[in-house]
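S.K.: Below are the C-alpha coordinates for one structure; questions will follow.
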Amino acid sequence: MLLPLPPQSSKPVPKKSQSSKIVPSHHDPSEKTGENCQTKISPSSLQESPSSLQGALKKRSAFEDLTNVSFEMTHETLYLAVKLVDLYLMKAVCKKDKLQLLGATAFMIAAKFEEHNSPRVDDFVYICDDNYQRSEVLSMEINILNVLKCDINIPIAYHFLRRYARCIHTNMKTLTLSRYICEMTLQEYHYVQEKASKLAAASLLLALYMKKLGYWVPFLEHYSGYSISELHPLVRQLNKLLTFSSYDSLKAVYYKYSHPVFFEVAKIPALDMLKLEEILNCDCEAQGLVL
(Lines of atoms letter the chains of each structure in order from A and count residues from 1; the text may use other names and numbers.)
(Lines give C-alpha, C1' and ligand atoms only; values in the text may rest on other atoms or scores of the structure.)
Protein backbone atom coordinates (compact mmCIF):
# COMPACT_ATOMS: atom_id res chain seq x y z
CA MET A 1 0.00 0.00 0.00
CA LEU A 2 1.44 3.36 -1.01
CA LEU A 3 2.15 5.95 1.62
CA PRO A 4 0.16 9.20 1.32
CA LEU A 5 1.97 12.28 0.18
CA PRO A 6 3.20 14.47 3.05
CA PRO A 7 1.57 17.90 3.35
CA GLN A 8 2.84 20.53 0.95
CA SER A 9 5.23 23.10 2.36
CA SER A 10 4.10 26.68 2.36
CA LYS A 11 7.34 27.62 0.63
CA PRO A 12 7.22 27.77 -3.20
CA VAL A 13 9.36 25.41 -5.21
CA PRO A 14 12.60 27.05 -6.42
CA LYS A 15 12.95 27.57 -10.14
CA LYS A 16 16.04 26.55 -12.01
CA SER A 17 17.70 29.24 -14.04
CA GLN A 18 17.64 28.86 -17.80
CA SER A 19 21.17 30.21 -18.10
CA SER A 20 24.47 28.60 -17.19
CA LYS A 21 24.81 30.90 -14.20
CA ILE A 22 23.42 30.29 -10.76
CA VAL A 23 20.94 33.11 -10.45
CA PRO A 24 19.73 34.55 -7.13
CA SER A 25 16.21 33.48 -6.25
CA HIS A 26 13.83 34.83 -3.65
CA HIS A 27 12.63 31.31 -2.91
CA ASP A 28 15.84 29.30 -2.74
CA PRO A 29 18.78 30.79 -0.83
CA SER A 30 21.08 28.00 -1.97
CA GLU A 31 20.68 29.00 -5.60
CA LYS A 32 22.22 32.45 -5.05
CA THR A 33 25.34 33.51 -6.81
CA GLY A 34 27.48 32.72 -3.80
CA GLU A 35 26.62 29.04 -3.94
CA ASN A 36 29.33 27.74 -6.20
CA CYS A 37 30.46 30.59 -8.33
CA GLN A 38 32.66 33.65 -8.25
CA THR A 39 33.35 36.47 -10.68
CA LYS A 40 34.87 35.00 -13.82
CA ILE A 41 38.23 36.44 -14.89
CA SER A 42 38.91 35.31 -18.44
CA PRO A 43 42.10 35.65 -20.45
CA SER A 44 40.38 38.27 -22.61
CA SER A 45 39.46 40.42 -19.61
CA LEU A 46 43.02 40.13 -18.35
CA GLN A 47 44.29 41.58 -21.62
CA GLU A 48 41.77 44.43 -21.57
CA SER A 49 42.41 45.81 -18.07
CA PRO A 50 45.53 44.33 -16.43
CA SER A 51 45.95 47.26 -14.05
CA SER A 52 42.55 46.72 -12.45
CA LEU A 53 43.40 43.10 -11.68
CA GLN A 54 46.71 43.61 -9.93
CA GLY A 55 46.72 41.91 -6.56
CA ALA A 56 43.40 40.18 -7.31
CA LEU A 57 44.77 37.13 -9.10
CA LYS A 58 46.01 34.05 -7.33
CA LYS A 59 48.04 31.26 -8.86
CA ARG A 60 46.19 27.98 -9.27
CA SER A 61 48.58 25.12 -8.73
CA ALA A 62 46.58 22.35 -6.99
CA PHE A 63 44.29 19.80 -8.60
CA GLU A 64 41.64 20.32 -5.91
CA ASP A 65 41.30 23.99 -6.92
CA LEU A 66 39.16 22.77 -9.82
CA THR A 67 36.30 22.03 -7.40
CA ASN A 68 36.02 25.76 -6.78
CA VAL A 69 36.94 27.28 -10.15
CA SER A 70 36.00 30.86 -10.91
CA PHE A 71 33.21 30.02 -13.35
CA GLU A 72 29.50 30.35 -12.72
CA MET A 73 28.34 26.77 -13.21
CA THR A 74 25.78 24.46 -11.65
CA HIS A 75 26.25 21.74 -9.06
CA GLU A 76 25.40 19.18 -11.73
CA THR A 77 28.52 20.18 -13.67
CA LEU A 78 30.72 19.73 -10.60
CA TYR A 79 29.31 16.27 -9.79
CA LEU A 80 29.55 15.09 -13.39
CA ALA A 81 33.15 16.35 -13.73
CA VAL A 82 34.24 14.42 -10.64
CA LYS A 83 32.42 11.32 -11.89
CA LEU A 84 34.16 11.55 -15.27
CA VAL A 85 37.55 11.72 -13.57
CA ASP A 86 36.74 8.70 -11.40
CA LEU A 87 35.51 6.60 -14.31
CA TYR A 88 38.47 7.54 -16.48
CA LEU A 89 40.99 6.61 -13.77
CA MET A 90 39.29 3.23 -13.38
CA LYS A 91 40.08 2.41 -17.00
CA ALA A 92 43.23 4.34 -17.85
CA VAL A 93 46.53 5.44 -16.33
CA CYS A 94 47.21 9.13 -15.83
CA LYS A 95 50.60 10.51 -14.82
CA LYS A 96 50.70 12.76 -11.77
CA ASP A 97 51.77 15.80 -13.77
CA LYS A 98 48.69 15.38 -16.00
CA LEU A 99 46.08 15.14 -13.22
CA GLN A 100 45.28 18.84 -13.33
CA LEU A 101 44.86 18.60 -17.10
CA LEU A 102 42.53 15.63 -16.61
CA GLY A 103 40.45 17.49 -14.02
CA ALA A 104 40.16 20.66 -16.10
CA THR A 105 39.24 18.75 -19.25
CA ALA A 106 36.64 16.66 -17.39
CA PHE A 107 35.17 19.92 -16.12
CA MET A 108 35.05 21.23 -19.68
CA ILE A 109 33.24 18.11 -20.93
CA ALA A 110 30.77 18.28 -18.03
CA ALA A 111 30.14 21.97 -18.74
CA LYS A 112 29.39 21.20 -22.39
CA PHE A 113 26.92 18.55 -21.26
CA GLU A 114 25.18 20.46 -18.44
CA GLU A 115 25.51 24.17 -19.19
CA HIS A 116 23.67 26.27 -21.74
CA ASN A 117 26.78 28.37 -22.35
CA SER A 118 29.95 26.57 -21.37
CA PRO A 119 33.31 28.36 -20.95
CA ARG A 120 35.81 28.37 -23.80
CA VAL A 121 38.77 26.02 -24.12
CA ASP A 122 41.09 28.96 -23.49
CA ASP A 123 39.39 29.58 -20.15
CA PHE A 124 40.25 26.07 -19.00
CA VAL A 125 43.83 26.56 -20.17
CA TYR A 126 43.88 29.72 -18.08
CA ILE A 127 42.64 28.12 -14.83
CA CYS A 128 45.48 25.63 -15.18
CA ASP A 129 47.83 28.63 -14.95
CA ASP A 130 48.88 28.00 -18.57
CA ASN A 131 50.67 24.80 -17.54
CA TYR A 132 49.21 23.11 -20.62
CA GLN A 133 48.68 24.09 -24.23
CA ARG A 134 45.28 24.37 -25.88
CA SER A 135 46.13 21.37 -28.06
CA GLU A 136 46.79 19.26 -24.93
CA VAL A 137 43.33 20.05 -23.55
CA LEU A 138 41.68 19.08 -26.83
CA SER A 139 43.76 15.91 -27.02
CA MET A 140 42.79 14.96 -23.45
CA GLU A 141 39.13 15.61 -24.29
CA ILE A 142 39.32 13.11 -27.15
CA ASN A 143 41.15 10.64 -24.92
CA ILE A 144 38.53 10.83 -22.14
CA LEU A 145 35.65 10.42 -24.57
CA ASN A 146 37.34 7.45 -26.25
CA VAL A 147 38.06 5.71 -22.94
CA LEU A 148 34.48 6.26 -21.75
CA LYS A 149 33.10 5.41 -25.22
CA CYS A 150 31.31 8.78 -25.24
CA ASP A 151 28.96 7.51 -22.51
CA ILE A 152 28.84 10.57 -20.26
CA ASN A 153 25.12 10.60 -19.45
CA ILE A 154 25.95 9.33 -15.98
CA PRO A 155 23.59 9.33 -12.97
CA ILE A 156 24.87 11.66 -10.27
CA ALA A 157 23.90 11.89 -6.60
CA TYR A 158 22.78 15.52 -6.89
CA HIS A 159 19.91 14.59 -9.22
CA PHE A 160 18.63 11.92 -6.84
CA LEU A 161 19.06 14.16 -3.81
CA ARG A 162 16.93 16.90 -5.35
CA ARG A 163 14.26 14.37 -6.33
CA TYR A 164 14.04 12.81 -2.85
CA ALA A 165 13.85 16.22 -1.19
CA ARG A 166 10.97 17.22 -3.43
CA CYS A 167 9.11 13.99 -2.74
CA ILE A 168 9.18 14.44 1.03
CA HIS A 169 8.88 18.25 0.85
CA THR A 170 11.82 18.87 3.14
CA ASN A 171 12.70 22.45 4.04
CA MET A 172 15.58 24.32 2.43
CA LYS A 173 17.92 24.16 5.42
CA THR A 174 17.64 20.39 5.69
CA LEU A 175 18.14 20.02 1.94
CA THR A 176 21.23 22.25 2.10
CA LEU A 177 22.62 20.16 4.96
CA SER A 178 22.15 16.99 2.89
CA ARG A 179 23.86 18.71 -0.06
CA TYR A 180 26.83 19.52 2.16
CA ILE A 181 27.07 15.91 3.35
CA CYS A 182 26.86 14.61 -0.21
CA GLU A 183 29.37 17.12 -1.59
CA MET A 184 31.91 16.16 1.09
CA THR A 185 32.06 12.70 -0.46
CA LEU A 186 33.39 14.11 -3.74
CA GLN A 187 36.79 14.47 -2.08
CA GLU A 188 36.93 10.86 -0.85
CA TYR A 189 37.93 7.80 -2.89
CA HIS A 190 35.99 5.62 -0.46
CA TYR A 191 32.64 6.65 -2.00
CA VAL A 192 33.55 6.18 -5.67
CA GLN A 193 31.90 2.75 -5.84
CA GLU A 194 28.67 3.82 -4.14
CA LYS A 195 25.54 4.08 -6.28
CA ALA A 196 24.51 7.70 -6.78
CA SER A 197 20.93 6.99 -5.69
CA LYS A 198 22.05 5.26 -2.51
CA LEU A 199 24.57 7.97 -1.62
CA ALA A 200 21.89 10.63 -2.04
CA ALA A 201 19.39 8.70 0.10
CA ALA A 202 21.94 8.16 2.88
CA SER A 203 22.97 11.84 2.83
CA LEU A 204 19.37 12.99 3.19
CA LEU A 205 18.68 10.38 5.86
CA LEU A 206 21.61 11.60 7.97
CA ALA A 207 20.43 15.19 7.52
CA LEU A 208 16.98 14.19 8.78
CA TYR A 209 18.53 12.56 11.83
CA MET A 210 20.71 15.61 12.53
CA LYS A 211 17.68 17.93 12.28
CA LYS A 212 15.55 15.58 14.43
CA LEU A 213 13.09 15.00 11.60
CA GLY A 214 12.86 11.24 11.93
CA TYR A 215 9.14 11.24 11.14
CA TRP A 216 10.03 11.83 7.46
CA VAL A 217 12.15 8.67 7.33
CA PRO A 218 9.33 6.31 6.16
CA PHE A 219 8.61 8.65 3.25
CA LEU A 220 12.27 8.69 2.23
CA GLU A 221 12.34 4.90 2.42
CA HIS A 222 9.26 4.72 0.20
CA TYR A 223 10.35 7.15 -2.50
CA SER A 224 14.03 6.15 -2.63
CA GLY A 225 13.35 2.42 -2.81
CA TYR A 226 16.01 1.70 -0.17
CA SER A 227 15.16 0.18 3.18
CA ILE A 228 16.51 2.09 6.15
CA SER A 229 18.58 -0.92 7.23
CA GLU A 230 20.31 -0.85 3.81
CA LEU A 231 21.32 2.77 4.37
CA HIS A 232 22.53 2.47 7.98
CA PRO A 233 26.14 1.38 7.21
CA LEU A 234 26.56 4.27 4.78
CA VAL A 235 24.97 6.72 7.24
CA ARG A 236 27.57 5.69 9.85
CA GLN A 237 30.38 6.36 7.36
CA LEU A 238 28.96 9.75 6.41
CA ASN A 239 28.58 10.79 10.03
CA LYS A 240 32.20 9.82 10.66
CA LEU A 241 33.21 11.88 7.62
CA LEU A 242 31.47 14.92 9.11
CA THR A 243 32.97 14.30 12.54
CA PHE A 244 36.51 14.61 11.22
CA SER A 245 35.82 17.20 8.50
CA SER A 246 37.37 20.00 10.56
CA TYR A 247 40.69 18.10 10.50
CA ASP A 248 40.63 17.62 6.72
CA SER A 249 43.29 19.44 4.71
CA LEU A 250 40.78 20.16 1.90
CA LYS A 251 38.60 22.95 3.26
CA ALA A 252 36.82 24.31 0.16
CA VAL A 253 33.51 22.49 0.74
CA TYR A 254 33.54 23.19 4.49
CA TYR A 255 34.16 26.92 3.98
CA LYS A 256 31.54 27.09 1.24
CA TYR A 257 28.79 25.65 3.43
CA SER A 258 29.87 27.73 6.42
CA HIS A 259 28.60 30.82 4.61
CA PRO A 260 25.24 32.35 5.74
CA VAL A 261 23.89 31.88 2.19
CA PHE A 262 23.98 28.13 2.94
CA PHE A 263 22.54 28.56 6.44
CA GLU A 264 26.02 27.80 7.85
CA VAL A 265 25.12 24.10 7.79
CA ALA A 266 28.79 23.07 7.91
CA LYS A 267 28.85 24.37 11.49
CA ILE A 268 26.11 21.96 12.60
CA PRO A 269 27.92 19.32 14.67
CA ALA A 270 27.86 15.71 13.54
CA LEU A 271 25.88 13.27 15.66
CA ASP A 272 27.63 11.62 18.57
CA MET A 273 28.40 8.02 17.64
CA LEU A 274 26.43 6.58 20.56
CA LYS A 275 23.49 8.88 19.84
CA LEU A 276 23.48 7.82 16.20
CA GLU A 277 23.49 4.13 17.18
CA GLU A 278 20.54 4.80 19.46
CA ILE A 279 18.61 6.41 16.61
CA LEU A 280 19.45 3.58 14.21
CA ASN A 281 18.38 0.95 16.74
CA CYS A 282 15.07 2.73 17.29
CA ASP A 283 14.48 2.70 13.53
CA CYS A 284 15.18 -1.03 13.35
CA GLU A 285 12.81 -1.73 16.23
CA ALA A 286 10.09 0.37 14.56
CA GLN A 287 10.50 -1.58 11.35
CA GLY A 288 10.23 -4.83 13.29
CA LEU A 289 6.93 -3.72 14.82
CA VAL A 290 5.52 -2.85 11.42
CA LEU A 291 6.53 -6.19 9.96
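Glycine residues also receive a Cβ, built from the backbone N, Cα and C atoms like all the rest.
In TrEMBL, annotation is done automatically, which means it is predicted and not curated.
Straight out of TrEMBL:
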type     : residues : note
REGION   : 1-51     : region 'Disordered'
COMPBIAS : 10-23    : compositional bias 'Low complexity'
COMPBIAS : 25-34    : compositional bias 'Basic and acidic residues'
COMPBIAS : 42-51    : compositional bias 'Low complexity'
DOMAIN   : 64-146   : domain 'Cyclin-like'
DOMAIN   : 155-271  : domain 'Cyclin C-terminal'
DOMAIN   : 159-240  : domain 'Cyclin-like'
S.K.: What does DSSP give as the helix, strand and coil breakdown of the domain 'Cyclin-like' (64-146)?
M.R.: 61 helix, 0 strand, 22 coil
S.K.: Looking only at the domain 'Cyclin C-terminal' (155-271), report the model's average pLDDT.
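M.R.: That region's mean pLDDT is 94.
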S.K.: In the domain 'Cyclin-like' (159-240), how many residues does DSSP put in helix, strand and coil?
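M.R.: Reading the DSSP string over the domain 'Cyclin-like' (159-240) gives 68 helix, 0 strand, 14 coil.
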